[in-house]
Structure formats: C-alpha cells, structure tokens
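The transmembrane segment annotation in TrEMBL covers 21-39, 45-68, 80-103, 109-128, 135-152, 158-183. The domain 'GGDEF' annotation in TrEMBL covers 227-364.
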Amino acid sequence: MSEQQFSPGYLANQVNRLRKWSLNLAAIYLVILVLLDFVRFPADVITSVFTSRILLMILPLSAMMAAFYYQQKLSLSKPLVHKITFIGVSLIGIGHSEILLLAESSGVMFPKIGITIILIYSGMLLALPIKLATFSSLVIIAFTCYSYSLIGMDYKSILSYLSFYLMFSSCCIFSSMVSIKILKTNLNLIKDKDKLASTDELTGLKNRRHFYTHAENVYKQSTLENKNLALVIIDLDNFKAVNDALGHYMGDKVLVEVAEIINNNCRRAFDMAARIGGDEFVIMIYDSKTDYLKTMCESIILKVGQIAKTIKKEAPSINLGVSIGVAENKQGCSFPIKVLLDIADKSLYEIKANGKNNYNISNTRHFVQTDSPINILETI
Ligand SMILES: Nc1nc2c(ncn2[C@@H]2O[C@H](COP(=O)(O)OP(=O)(O)OP(=O)(O)O)[C@@H](O)[C@H]2O)c(=O)[nH]1
C-alpha cells in the first residue's frame, strides 16, 4: 500500500464512502415508499401525500446526497455538509409525521412503524457523525410523538412507540460507532505493519527499500515543480575499528547517535533520512540550496567529531569520522535517482580517497560538461 493511502484524509475518505452508501440505501428505500403510497392512498389525498413526500423527504434527501457527492466540486466545508444532512434528516422526520397525519385523517391503514421508514432512517442516521445522528434522532422522535398525540393516540401507546424509536435509533448510532472504530483499528494495524516494514530497527530511520520508493516520488515532484533536489550520502570513517575495539554494543550506540544527527537535518515534508547500509546513510533534500547543503555537511562533520572525541577517550587509536558525498540536481537538469546516487557515491569516494572526514558537493550540471558524466550517463 502506498504512503499516500495512509495520509490523514484516508480514514475520513473511508468513513465518507460508508456514509455515501448509507445514503444511497436510504434513497432506494424512499423510492419504494413513494411507490407504495400510490397503492395505499386514495386518489383524493395522493396529491397532498406526494407533495409532502417531495418537499419534505425527496428534496432534503437529494440535497444531502448532492452535498455528499459534490462536496469537493462545490467546495463545501465538512461542517456545512453535516448541517445540510442534519436539516435533511429532521425534515424527513417531520415529513413522515405529516404523512402519518394525512393517512389517519383519510382513514388509510398506515403502519405506524413501517419497515421501509425504519430502513430510510437507518440509512440516514448512519450517514451522520455520531453527535448529529443522536440529535437528529431526538428531533425525529419528538416530532413523531407529537404527531401521535395529535391523532389522539393514548400515552401508553406513544410510550411504547417512543421506546421502540429510542432502541432503534441507538442501535443505528451504535452500529455507526462500531464500524468507525473497526475502520480506525484496522487502519492503525496496517500503519504499524507498514512502519515496521519501512523502518530500520536499530536507528528508527527509514530503510533502503522505503527510501527508494519515496525518492522516486519526490524526484517526480521536483521535475514537475522544477525544484532542486539533493542526495547526500554519508559514510562513517573507520567505524569497523569501533566495533573491533569497543564491541558491537558500542558500535550500535554510535550508529543510533549518528542517525539522530542525520535525521535532524530533515525539516520539510519531502526531506527524508534513511540508513542504506551498515554505516551508510542518505539524506534527500527537496528544493535544496547549495549554501544550505554546505552548512549541513559541516554541521554533521562537527557533531560526529564530538562523538569521535568520546570514543577517543576509550580507544585513542580510533579516528572515527564521516565522509559525505552530495549530488545536487539543479533546476532544469534532472538526473534520475539512480544516477544521482551514483554521482553522490563518486563524490563520497573521492573524499574517502583523499583523507576522509570531509564533504564534496557535485552539481549535476558539472557532469554534463566534463568527462565524468559520460560514465554516468552510460549507466542510465
Ligand atoms: N555495531 C554495528 N556494526 C555494524 C552494523 N552493520 C554493519 N556494521 C559494521 O560496520 C562496519 C563497516 O565496515 P567498513 O565498511 O569497512 O567501514 P569503515 O571501517 O568505516 O571503513 P571506511 O568506510 O573505509 O572508513 C563492519 O565492520 C560491519 O560489521 C550494525 O548494525 N551494528
């Protein structure tokens, strides 16, 4: 699953889909109810019944569906969509009470708690956020009980209908809560699994596999937006000696501290640090500036130097250091990630060959003009 699917809007999208389907069901049942009206009601009241159905049920439900389906196109805010839904549900409740009164006055056998109306309500209640669904239920129940009292129903019957409506509404609201909870739990489980698969266990940085996927996406973004993109490869110097002299536990500790230094350089959304080998790391900097890259490399060398000083106290012969190779895609000059890594690697090995503990920044424009790019371009 891609990273984009886990964006903060992912859960909201899933919940929205669930709500859209609930509304679709409500709409289907409403059509059935309207068709039943033609069979049940005598000709003299059918016009009034049909008008009430259109004004108080079909139109509000259509407005609710339009708000849900065209939320983005119409730039409707979420609270506005919820308000439209709430008003829609309440109107539908009132509409049904109105038709109940019409049925009673014209002597039509009209089930007080019809299965179709229950299905319509459940569809709509599931389409609302929990608080609004609770509030709408109360509005609908109040109106229905009021209509019952208007047709002269005794209080015991009203009470039994009231308890039925309360049970039925709470059942819908509870199902809505449970489905959202299940969605949240599943999403968190998938997120945890994805995090484990993309993270380096020791340092907590992203691993090589995740880095490549992310880097390809950011590279596409940089070409679209015509932004600079820099890859910084960082390799510790003489790290093996730390392991050999002070043990793997100390070696691990050094790697964790270095990872923290490296990660602190990722300040913007597209930047990313990863561990791509034993003592090898990479940082990707989006919209990079060469001056910033220089300052960053100097700061990393300085901070790793402080770790080296602590190591030296315990093992004076160890010269821990860090070599850094940087490749920077300047605007209008876009080498793919693989080639950019190749260039950064070559820059790094120049430093390794020339005394270590330093950095080297290669602007990719430079490679087009000299002999070196011919080698690099052949690898494309
Ligand atoms: N403690 C520890 N060591 C590791 C880990 N992964 C790799 N290494 C060690 O890192 C060392 C890397 O060795 P080299 O590539 O020779 O690096 P170096 O000693 O820094 O040599 P230069 O890069 O040439 O300066 C090896 O000894 C690996 O065993 C790890 O997770 N923990």
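Just so it is clear, glycine is given a Cβ too, placed from its N, Cα and C backbone atoms.
From a predicted model like this one, the values you see are computed outputs, not experimental measurements.
Long-range contacts of the transmembrane segment (45-68) within the same chain, counting only residues at least 6 positions beyond its ends with a Cβ under 8 Å from a Cβ of the stretch, are 16, 19-20, 23-24, 26-27, 30, 33-34, 37-38, 74, 76, 80-81, 84-85, 87-89, 91-92, 94-96, 98-99, 102-103, 106, 108, 124, 127. Counting residues 6+ beyond its ends, the transmembrane segment (80-103) has Cβ neighbours under 8 Å at 37, 40-41, 45, 48-49, 52-53, 55-57, 60-61, 63-64, 67-68, 71, 110, 112, 117, 120-121, 124-125, 127-129, 132, 135-136, 139-140, 143-144, 146-148, 150-151 in the same chain. Mapped onto DSSP classes, the domain 'GGDEF' (227-364) shows 67 helix, 34 strand, 37 coil.
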